[in-house]
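Let me begin by presenting the structure, written as structure tokens, before commenting on it.
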Amino acid sequence: MADYWKSQPKKFCDYCKCWIADNRPSVEFHERGKNHKENVARKISEIKQKSLDKAKEEEKASKEFAAMEAAALKAYQEDLKRLGLQSDISEPTISPVTNTVQPTPTANQQKEKKKKKKKKEASKGRWVEGVTADGHCYYYDLVTGASQWEKPEGFQGNLKKTAAKAIWVEGLSEDGYTYYYNTETGESKWEKPDDFIPHGGDVLSSKDSEKLPDTLEDSKSSDSHSDSDDEQKKAGEASAETKKLIIKFKEKNKSTEKRIGPEIQKEKTTPKQNPSNTNEEKPKTPKKSTNPYGEWQEIKQEAESQEEVDLELPSTENECLSSSEAGAGEIKVVFKEKTVSSLGVAADGVAPVFKKRRIENGKSRNLRQRGEDE
């Protein structure tokens with residue numbers, strides 16, 4: 001049988017990031033070591049610090065949400081004061097938010113809630129009448145969620161229901177998300193409650209607000225002859241109470257534009273009674289809308305003066321003169337030449353002769369030669 005080599009099993013330590021032999025004595029010896037114990041203690045402290053940081057972040061987020069709710073309630077109170085209405089809502093005390101996990105509803109509970117919701121909607125009726133902030137009546141469909149200005153067929157007056165005080169109020173957060181606020185308990189949540197009834201303070205779509213001009217005038221003229229004085233008083237009371245539930249957190253200028261829009265269109269629709277007076281009247285200049293960034297200003301370029309300015313630039317005449325003077329002022333250098341008449345006379349009277357270097361044995365002296373001893 002052939003011999004073969006089998007490797008010893010090894011184990012990786014996650015704390016020390018090293019490999020050790022996978023047997024009981026080696027593992028116990030490594031775990032009893034000082035370095036391993038220090039690494040384990042360091043890892044535990046890191047996990048503890050991370051959990052503390054996470055708890056601090058959650059506590060900070062809960063405080064920020066509580067501050068947002070308080071600011072929303074404060075803005076709501078200011079809007080009511082600006083509109084001259086009294087609020088029956090008392091400012092709720094902000095309690096620290098605890099991180100509690102709500103039990104998830106079972107399927108049976110959800111089915112029961114849906115059945116109760118359907119029964120409530122069937123008992124209330126399909127259409128509900130509401131009043132906007134401007135005092136205009138609109139109709140809301142509980143089944144489809146659609147709203148319209150025209151009175152639906154077979155609708156019976158439901159002003160008493162809209163005039164009743166609602167518990168839940170719909171609002172918009174700073175990010176544009178809708179949430180629901182309980183006026184009695186001060187609770188707020190993102191999901192739509194079961195007993196929520198839409199009111200005039202709810203946010204309408206821009207398409208519904210554009211249908212205001214003509215349909216409202218026709219419906220008012222037709223309903224004014226049929227309705228009695230008592231119904232008008234009830235409608236006024238209902239509009240006054242529903243105005244209390246209006247919450248406007250973003251783009252407050254939109255409400256003023258919506259109010260100005262119908263008034264301008266009414267002035268256009270009214271016939272001209274005295275044409276002579278209108279000709280005499282001067283056209284009114286439209287009011288300039290205030291811009292937070294300021295108004296545009298036209299920049300006018302000033303005509304540059306054509307006065308000659310002395311830039312003190314060098315003239316060409318001076319350059320020509322300087323070049324001519326430089327050419328004339330050049331000095332020629334004369335070099336002296338020295339000639340050697342003779343190389344000298346030796347003592348014997350024989351002229352010196354240049355001798356060639358002798359080469360030993362036909363080899364030059366600058367090359368290293370092997371000596372005799374070598």
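Using N, Cα and C of the backbone, Cβ positions are placed for all residues, glycine too.
Per Swiss-Prot, the features are as follows:
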COMPBIAS  91-109  compositional bias 'Polar residues'
COMPBIAS  112-121  compositional bias 'Basic residues'
COMPBIAS  188-197  compositional bias 'Basic and acidic residues'
COMPBIAS  205-270  compositional bias 'Basic and acidic residues'
COMPBIAS  315-325  compositional bias 'Polar residues'
DOMAIN    121-154  domain 'WW 1'
DOMAIN    162-195  domain 'WW 2'
MOD_RES   Ser219  phosphoserine
MOD_RES   Ser226  phosphoserine
MOD_RES   Ser228  phosphoserine
REGION    91-126  region 'Disordered'
REGION    188-328  region 'Disordered'
REGION    355-373  region 'Interaction with SNRNP200'
ZN_FING   11-42  zinc finger
Mind tallying the compositional bias 'Basic and acidic residues' (188-197) by DSSP state, helix then strand then coil?
0 helix, 2 strand, 8 coil
Model confidence over the domain 'WW 1' (121-154) (mean pLDDT, whole number)
73
Using DSSP, how many residues of the zinc finger (11-42) fall into helix, strand and coil, respectively?
17 helix, 7 strand, 8 coil
Residues of the domain 'WW 1' (121-154) by DSSP state, where helix covers H, G and I
4 helix, 12 strand, 18 coil
